[in-house]
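Data first, discussion second: the structure below is written as structure tokens.
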Amino acid sequence: MKRRAGLGGSMRSVVGFLSQRGLHGDPLLTQDFQRRRLRGCRNLYKKDLLGHFGCVNAIEFSNNGGQWLVSGGDDRRVLLWHMEQAIHSRVKPIQLKGEHHSNIFCLAFNSGNTKVFSGGNDEQVILHDVESSETLDVFAHEDAVYGLSVSPVNDNIFASSSDDGRVLIWDIRESPHGEPFCLANYPSAFHSVMFNPVEPRLLATANSKEGVGLWDIRKPQSSLLRYGGNLSLQSAMSVRFNSNGTQLLALRRRLPPVLYDIHSRLPVFQFDNQGYFNSCTMKSCCFAGDRDQYILSGSDDFNLYMWRIPADPEAGGIGRVVNGAFMVLKGHRSIVNQVRFNPHTYMICSSGVEKIIKIWSPYKQPGCTGDLDGRIEDDSRCLYTHEEYISLVLNSGSGLSHDYANQSVQEDPRMMAFFDSLVRREIEGWSSDSDSDLSESTILQLHAGVSERSGYTDSESSASLPRSPPPTVDESADNAFHLGPLRVTTTNTVASTPPTPTCEDAASRQQRLSALRRYQDKRLLALSNESDSEENVCEVELDTDLFPRPRSPSPEDESSSSSSSSSSEDEEELNERRASTWQRNAMRRRQKTTREDKPSAPIKPTNTYIGEDNYDYPQIKVDDLSSSPTSSPERSTSTLEIQPSRASPTSDIESVERKIYKAYKWLRYSYISYSNNKDGETSLVTGEADEGRAGTSHKDNPAPSSSKEACLNIAMAQRNQDLPPEGCSKDTFKEETPRTPSNGPGHEHSSHAWAEVPEGTSQDTGNSGSVEHPFETKKLNGKALSSRAEEPPSPPVPKASGSTLNSGSGNCPRTQSDDSEERSLETICANHNNGRLHPRPPHPHNNGQNLGELEVVAYSSPGHSDTDRDNSSLTGTLLHKDCCGSEMACETPNAGTREDPTDTPATDSSRAVHGHSGLKRQRIELEDTDSENSSSEKKLKT
């Protein structure tokens with residue numbers, strides 16, 4: 001201190017000294033001194049900055065020292081404060097020339113403190129130059145802008161969050177007509193966004209419905225993490241990173257502030273205190289201290305709360321709740337919404353419903369009040385009653401709860417009374433069936449969205465809340481509601497009993513009430529026109545009641561309303577303008593809804609999954625029953641987009657060829673794998689674990705099967721050689737499908753599933769292995785046994801004979817009696833005769849390698865049958881070679897088993913067959929069964 005005495009004995013500014021001093025020796029002495037100073041305080045000195053004409057909704061310190069403070073509010077002006085001059089010489093702030101058309105909700109400095117970004121209810125972001133106060137650029141949005149954040153490494157990049165549910169990344173170097181980069185797009189509003197100060201590719205957001213999320217700019221449209229554990233779907237209004245970017249502080253509606261580690265969904269700590277609540281207005285939070293060891297948040301009880309973050313991570317018990325604030329700063333006269341901390345000067349700035357900005361400091365400033373011990377208490381004030389609020393609005397003559405035309409920095413009792421009304425409703429819990437005066441209801445309807453983000457209720461507005469019976473004069477005098485000791489000076493108070501109006505006052509009041517009723521009717525009419533459907537009705541309710549965003553009156557409106565306080569005609573004209581504004585906003589919302597609905601149609605052609613062939617053919621499975629559209633919106637939307645294409649007929653020739661090629665690839669892959677088993681390889685699939693293909697282990701088949709069954713198994717693997725007949729039409733296909741749900745054989749069920757694969761392969765791939773079946777299938781002596789009661793055998797008509805090629809049979813239950821299985825297998829062998837092509841048409845239910853084409857034949861026009869026949873003949877020729885190779889696999893006993901549908905009894909055949917002599921005898925038996933099958937085939941055709 002003494003070393004700096006000669007530098008300027010005239011330096012009386014504590015702020016200037018704190019920003020310019022330099023202690024020689026240990027560089028940590030400065031931080032340690034300030035840390036000890038704050039730690040020993042029970043209260044802080046406070047001082048007010050006057051300059052705004054309405055609620056102050058946004059404040060931000062400049063970077064690298066906090067020499068400047070920028071503020072904005074309902075008066076639509078952006079003010080720039082030089083902190084040292086504003087505190088010591090009461091210099092007026094600098095008003096930037098760029099002015100918004102409505103309330104200002106968010107502000108941001110760039111890293112060099114040369115530019116200021118401001119966003120608000122007028123659906124635009126204005127870029128200001130600090131030195132010249134000129135407007136550099138304007139960035140238009142589609143809805144109100146609630147949050148801004150500038151990249152810590154590039155001053156040309158900034159992020160904005162808006163009421164339309166989008167988070168946009170902007171580059172100020174782009175042309176004015178350039179489109180921003182959309183990082184997130186939700187149906188609910190984003191209230192806050194912030195870049196990570198250390199890792200600029202990460203951003204944190206606060207959403208009104210989805211809660212707090214972490215995003216990577218390299219992975220748009222999908223959040224990396226949603227915080228909150230099982231309570232992640234919460235209404236969040238503010239989010240802030242600490243200086244290291246390792247922790248997140250978030251504010252949630254009607255819940256205490258919460259601290260997260262960026263890598264964990266579960267909260268580290270929650271902070272609470274008796275009297276703290278956050279439900280009436282939108283608020284912000286911030287870290288405090290040189291090491292971010294404190295957090296700050298305003299409250300609806302007019303106080304500012306500071307909590308200390310415990311050093312022990314296990315503090316707070318099971319719920320990790322830190323009860324008891326480190327410091328409660330009392331001095332505001334209404335709700336505290338915004339708070340910021342300057343780590344260089346240890347100053348705290350707070351603002352809210354009042355027109356003032358309050359400065360808190362552990363160092364005494366010129367003209368400040370309060371002390372560090374909390375012994376000096378301010379006078380408390382009572383909340384305005386509802387009658388007082390109504391009387392103030394009616395007697396003002398303008399019909400508004402705020403008046404910016406007077407350009408007064410003094411406290412506005414109407415605005416204070418309006419938010420007192422909100423606080424009363426929240427605490428007292430008004431009853432919905434109470435009787436109330438008509439004038440009160442109309443006034444509350446008129447002011448459903450007054451003061452917006454400053455007084456903007458997250459779920460309840462003055463119009464949507466129920467009414468309570470007005471108290472009597474005695475009740476209002478005796479039962480004045482106190483929010484604890486509200487230590488503020490009692491100025492601009494009004495009597496609890498409004499004066500008795502004269503006859504002229506009653507007549508003018510009646511005219512105003514009639515004008516208000518007409519305005520209310522027009523507003524309701526506009527809302528009813530907007531609500532064309534139930535979804536739009538919900539959206540209108542959210543926009544008008546849950547999140548009201550009324551606009552501040554323009555100067556023309558202000559002048560007309562102030563000059564015609566006694567003229568009902570001018571008031572009616574003003575109300576008509578408001579009604580037209582509501583209708584315009586309704587039209588814009590409808591247009592935006594139609595624009596959002598249009599892109600959903602062209603999404604169908606993006607189904608590129610059919611064309612790609614990755615040789616990894618997963619099992620077909622049902623969608624995960626445990627997931628719901630609400631739990632995973634991304635997954636549900638993709639499911640809804642893909643499923644319609646599965647039910648629609650495929651008339652595109654290229655799509656048909658791709659399906660045939662895919663079926664051929666799958667069959668070729670199956671036969672190559674089967675032929676490789678002759679070298680003694682073990683099963684490629686056990687259970688349901690490998691690549692989504694079902695299988696069985698070698699232990700599941702202890703007993704060898706008969707030679708006849710072995711021949712049938714070989715015939716099954718080599719059967720896919722015939723061309724699909726033209727008779728296999730929709731009628732033939734529909735005969736099989738009714739049997740698939742429960743009472744048909746297991747192969748029929750899998751056949752139906754495979755018929756749907758070509759359109760939905762991609763979707764089924766992502767959900768493999770998530771469905772559990774109520775029973776298991778075991779193999780005993782080469783035959784399928786089911787854990788449930790055995791069903792009677794199916795009729796002799798061979799249905800779904802080729803359904804064993806289902807790639808997803810691992811997920812489909814296989815329940816079939818022994819007789820029905822042998823009958824279906826004999827029919828298969830009789831039709832295909834061990835790979836030799838029949839000179840006659842095959843069985844009409846042939847589903848072999850053409851099973852993938854069955855859907856095409858059933859759903860496409862007859863004109864495509866020639867194309868299918870040509871491709872099928874080529875497929876049959878190639879597969880005949882593979883079948884010849886697969887015959888040799890039967891000579892090796894105890895070969896690896898596969899329960900892939902094409903090779904279902906392959907294990908039994910490999911154990912039972914030991915030479916070519918047995919094969920010859922079995923072929924003779926098969927040829928004998930050809931005659932039997934031909935007769936049954938003729939009966940079926942007739």
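Placed from the backbone N, Cα and C atoms, the Cβ positions cover glycine too.
Among the features that Swiss-Prot reports, repeat 'WD 2' is placed at 99-139.
Below 8 angstroms of C-beta separation, residues 105-112, 114-115, 117-125, 127, 186-198, 200, 203, 205-207, 215, 217, 453, 547, 549, 592 of the same chain, each at least six residues beyond the ends of the repeat 'WD 3' (140-180), sit close to that stretch. Here Swiss-Prot flags 140-180 as repeat 'WD 3'.
Applying DSSP to the repeat 'WD 4' (185-225) sorts its residues as follows: 0 helix, 20 strand, 21 coil. As annotated by Swiss-Prot, repeat 'WD 4' applies to 185-225.
Here Swiss-Prot flags 331-370 as repeat 'WD 6'. Taking Cβ pairs closer than 8 Å, the repeat 'WD 6' (331-370) reaches residues 12, 14-15, 18-19, 34, 37-38, 41, 43-61, 65-66, 69, 71, 73, 81, 83, 87-88, 243, 280-290, 294, 296-300, 302-304, 376, 378, 381, 409-412, 415-416, 419-420, 423, 451, 453-455, 486-489 in its own chain, all 6 or more past its ends.
Here Swiss-Prot flags Thr500 as phosphothreonine, drawing on similarity to another entry.
Look at Swiss-Prot and you will find Ser531 (among others) tagged as phosphoserine.
Swiss-Prot lists Ser533 (among others) with the feature phosphoserine.
Among the features that Swiss-Prot reports, phosphoserine is placed at Ser626 (among others).
Sequence annotations record features per position, and here Swiss-Prot assigns phosphoserine to Ser628 (among others) based on similarity to another entry.
Per Swiss-Prot, phosphoserine is recorded for Ser645 (among others), and the stated evidence type is a large-scale study or a structure entry.
The feature phosphoserine is assigned by Swiss-Prot to Ser648 (among others).
Positions annotated as phosphoserine by Swiss-Prot: Ser651 (among others).
The annotation compositional bias 'Basic and acidic residues' is assigned in Swiss-Prot to 690-701 (among others).
According to Swiss-Prot, the compositional bias 'Basic and acidic residues' annotation covers 728-738 (among others).
Per Swiss-Prot, phosphoserine is recorded for Ser794 (among others), and the stated evidence type is a large-scale study or a structure entry.
Looking at the repeat 'WD 6' (331-370) alone, the prediction's average pLDDT is 93.
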